[in-house]
Amino acid sequence: MNIIEGKLQLIGDERIAIISSRFNHLITDRLVEGAKDCFVRHGGRDDLLDLVLVPGAYEIPFALQKILSQGEYDGICCLGAVIRGSTPHFDYVSAEATKGIANVTLKYGAPVTFGVLTTDSIEQAIERAGTKVGNKGFEAMASLIELINLYRKIGA
């Protein structure tokens, strides 16, 4: 059996965009820093990394569609933080952001990763933004790097 997988190393000429929501910026700023750290640690050039800021997680799919339609990036890392409150708003935003990102990704067939936190509390979000549970922004970028390499191997 042949195993085909992407490696966690960039060539150095990959152009990557991070789309991040500004809402809950105390969390998303940390996710962005984690993603940037991963990108550079694994061979990426800082001048080939762009940050696109949108108001909230709900707006990520719109920006993703616009960016992918231009065909200028090797991959996109989507980051955000949706924290449950006392109203059903959390359910709507997290569901639509998730579905929107998935639909756009499948439409364009491009390497995209999902690093949008959906947590029950601010404490859980903080834990996933670089404290107890690691940095999910770093992990989303690591997945993107592997996905870009896999995409190349399978002849996309």
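Keep in mind that glycine also has a Cβ here, set from the backbone N, Cα and C atoms.
These come from Swiss-Prot:
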ACT_SITE  H89  active site, proton donor
BINDING   F23, A57, Y58, E59, A81, V82, I83, F114  5-amino-6-(D-ribitylamino)uracil binding site
BINDING   S86, T87, R128  (2S)-2-hydroxy-3-oxobutyl phosphate binding site
Which of A57, A81, V82, I83, the listed binding-site residues, has fewest other Cβ atoms within 10 Å: I83
Other CB atoms within 10 A, centred on F114 (5-amino-6-(D-ribitylamino)uracil binding site): 18
Shortest C-alpha distance to R128 ((2S)-2-hydroxy-3-oxobutyl phosphate binding site) - which of the binding-site residues F23, Y58, I83: I83
Among H89, R128, which are recorded positions, the residue with the most C-beta atoms within 10 angstroms of its C-beta: R128
Cβ neighbour count within 10 Å of T87 ((2S)-2-hydroxy-3-oxobutyl phosphate binding site): 8
Other CB atoms, at most 10 A from the CB of S86 ((2S)-2-hydroxy-3-oxobutyl phosphate binding site): 6
